[in-house]
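Working notes for the structure below.
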Amino acid sequence: MTDLNPYDAVLLLSFGGPEKPEDVVPFLRNVTAGRGIPDSRLEEVGEHYYAFGGRSPINDQNRALLAALRAELAERGVTVPVAWGNRNWDPYLTDSLRELHDAGARRVLTLVTSAYASYSGCRQYREDIAAALGTLAEEGRYLEVDKIRPYFNAPGFVEANVDAVVGAYERLGVPPSPDAPLVFVTHSIPTTMEVASGVGNPASYSGQHLDVAAVVASRAAERLGASIPWELAYCSRSGTPFTPWTEPDVGRSVTALHAGGARHVVLAPIGFISDHMEVIYDLDTEAREVADELGMPMERAATAGTHPAFVSGLVDLLLERAGSDRGEVPERPTVGVLGPWHDVCPSGCCYRQAGVDSGVPAACERSDAMLTVA
Ligand SMILES: CC1=C(CCC(=O)O)c2cc3nc(cc4[nH]c(cc5[nH]c(cc1n2)c(C)c5CCC(=O)O)c(CCC(=O)O)c4C)C(CCC(=O)O)=C3C
Ligand SMILES: [Fe+2]
């Protein structure tokens, strides 16, 4: 039988986003607390949100994913509560965990809305979990939280992205070729974070993307009947101009492809799982302006969203993790060459800066037993 034992609750853990104009500034303060992001960048990012009525689509997308996960779990006979909590906005992680605790949960299995391993997509969420568990322990509420492995190379996520690339070329109406190349896009991160993401892992953040991109491109090419020239670009750089971040920016990439003779382009945001602000602003608004100015028809591939293969793949990962925890040896399917990531992070995994232990406690790693003693 399908069984989430020993876990008695599931938590969808995400970034959070503002829901109305008054939320924008306090949300940005939460995101950037102690991060050294210049005020000018914050004002600029605030404008992105105001341009969409002060509301990020991310919360509604998480509500939809939550509903889809509940339905898929129920379909498989798993009836545990499934909650949703955020790092930066209501519903906050601590409140969601408190509610789960008070409803009787003691062992919670988390999945974060970030598919790749890096400080921003892995350790930072684990730091938030540790902080929340600390707060709850002070209240006399004890919980243990585990997290599923990063799922960028899980078959369901990849299948959703293959469908998305095929769909984008169909809308473009032009087959893939050097005239119509594919640009995979993900969130830029500081190069120090990029280096740190590879320490103790089979590949760094960008290496993980390259591995998935190669598979997505070749499977989409098979379905489209033409090979796909592709590259990886980045969006949403912040920080000061003096700090190096992963490059090229997607706008530069599109411009360079045009200069090299391309006259159409497809963007595939494989770094993101839903059409949140980074996608609708940085790609659908900013990158589209670049393509429009060049007179280059552009299609943007869908994100995984609530694609059935993605949702059912996430449930597979929850069940897989439960099986491992029971001492079974479940299959851990992946695509590409890197293989499955660790279920439990090694203690030095995904620092913000390689070799620099910030001293901030992080949950879901090998040395966190103390945090979870009930
Ligand atoms: C790798 C990565 C992901 C993908 C993985 C994942 O999904 O987690 C991601 C997702 C997201 N990032 C988001 C929003 C923001 N990220 C910021 C800032 C930063 N992101 C970073 C990295 C990432 N971010 C980094 C290294 C910074 C610099 C500050 C720091 O070093 O920590 C800032 C501050 C202003 C700015 O500088 O842009 C904002 C507002 C939203 C919400 C969108 C919405 O509201 O719809 C989402 C899903
Ligand atoms: Fe971000």
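Backbone N, Cα and C define each Cβ position, glycine as well.
Annotated features in TrEMBL:
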- Ser56, Tyr125: Fe-coproporphyrin III binding site (BINDING)
- His187, Glu278: Fe(2+) binding site (BINDING)
How many Å lie between the Cα of Glu278 (Fe(2+) binding site) and the Cα of Tyr125 (Fe-coproporphyrin III binding site)?
19
Select, from Ser56, Tyr125, His187, each of the binding-site residues with a Cβ positioned under 6 A from at least one atom of ligand 1; if none does, say none.
Ser56, His187
Residues near Ser56 (Fe-coproporphyrin III binding site) by Cβ (under 8 Å) yet at least 6 apart in sequence within the same chain, in sequence order, are Gly17, Pro18, Glu19, Tyr49, His276, Met277
Long-range Cβ list for His187 (Fe(2+) binding site), cut-off under 8 Å, min separation 6+ in sequence, same chain only, gives Ser120, Tyr234, Cys235, Ser236, Gly271, Phe272, Glu278
Ser56 (Fe-coproporphyrin III binding site) -> DSSP, reduced to three states, gives coil
By Cβ count within 10 Å, point out the most packed of the binding-site residues listed: Tyr125, Glu278.
Tyr125
Once the DSSP letters are reduced so that anything not helix or strand counts as coil, what is Tyr125 (Fe-coproporphyrin III binding site)?
helix
